[in-house]
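Chemist: So that we are looking at the same thing, I have put the structure below in structure tokens.
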């Protein structure tokens, strides 16, 4: 349908800007066969010059929208000049989400202003815009894996001097997504200094997958609260909805747990590099206003060390040679045989439940447990022999399960409900015996092995729900130099946005795709911190966002022109997103190919 409207689009734009001269303009753009072609402007021509972004908005099926809508996406044929100071948002149904709706409305206006390049000043002439928000469930503001994120967006002229935009949704989250889409329908005519808006719009949209996330490891290196909020801001711009906070590990314990203060006092990298309850609440609220749940992970029983030194509840901490006991230094695992450990866990979980109070799920970690580490402890060996267990792989799985069941009970108690729990793939989750240990109704399994791992099919056939984080496409720390020794890191090479985009959960899961809740890009932080965060994540995470929102049947080539634009939009937001191509390619579509 889009190809048939290209001539109409050009006519529509001409009608709106016909009276404006462009004598000083050197270049103009024209839509030709789905590409915006750069042409030398002729001031004597009766055809006014068309700006690049105005051309891109209509020269392909989804305009400049990211992620692409999954339902109807009719962008009409016309752009209207808009007065930036005459945009009003009106909430038609009041309820418990009023504060969130008002915050979203304020942010929407800020997002609209992103269409204006730094240093440009739009003319304050043009039509007024009235945005009407119709939330059918204005009292519902809880995250859930079943929440309705759908929305409908209608834009149409209203008389000679106004444009009406109406967003309808069944939740605040859908409403927020609709505002995000609407903000992307504004472009700046840098030839005439006018803010423009698509005048006739009909969009129906909803995500394919309910879980669309980014994991950030803030234990191996510290990230400022400002950088975390900046990440969530960018996530909201591309409709990602879960910030998975891997907040502790063996290298540091920066989470301020008031019930066990020695953990962070002894475990933080410095007294300043901690996450207080007030700071976490700020992040959680920031995420809620942007439709992003903040999901805590307390990784156990492995990946513990710093902070636990004086508890007598760990084994093999800083053991040497480390390669014999863990996958990276320092080693450390909890001792499941210590009864006192489980009160510690309940206290940590309770402190997390208090501050991460919007989460509907909880991540318990559970990867890379070393049998050799546990087997190095006399007390653990004695416990296993008392229980008539051997010291073999199967018996250590029993010990691990002993820990997991007790930790599970403490998590339910701390959160005050039986919430879904997430575990990483591991020897405990092996499909050959997982149902001996983990109930498929209680646990979601997050896959970090490759996308062709036979474990995926085995887990799906047994009815388990999965989140895909296969490292061969979604580990954003891959492709850098080794941090122990020389050479490249373990999961090299670097993963480009194209591979991220083409990593389809539906293709991986096939007939079991309904059991896949979504996916998540992971940034493990051995070699990243606040100063490198943006470039590691963006714009690659935007590729993940469209894959999980739309699950397109097409590949990255069809999305490239929009991908280049969303990168530019992120930069305008203050995100230091990595450059994908020379800017020349953005201005000359179709020339930069292999």
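All residue numbers here begin at 1 and follow the chain in the order shown.
Using the three backbone atoms N, Cα and C, a Cβ is placed for every residue, glycine included.
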Chemist: Tell me which residue from 164, 202 Swiss-Prot records as N-linked glycosylation site.
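Modeler: Swiss-Prot records N-linked glycosylation site at 164.
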Chemist: Which recorded positions (59, 327, 592) fall within 10 Å of residue 36 (disulfide bond) by Cα distance?
Modeler: 59
Chemist: By CA-CA distance, flag whichever of 164, 326, 490, 592 among the recorded positions is nearest to residue 478 (disulfide bond).
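Modeler: The smallest Cα gap between residue 478 (disulfide bond) and any of the recorded positions is with 490.
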Chemist: What recorded positions among 55, 59, 249, 326, 490 are found with a C-alpha within 10 angstroms of that of residue 316 (disulfide bond)?
Modeler: 326
Chemist: With Cβ-Cβ distance below 8 Å and at least 6 positions apart along the chain, what are the contacts of residue 326 (disulfide bond)? List them in sequence order.
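Modeler: Result: 250, 302, 316, 319, 332, 333, 368, 370, 373.
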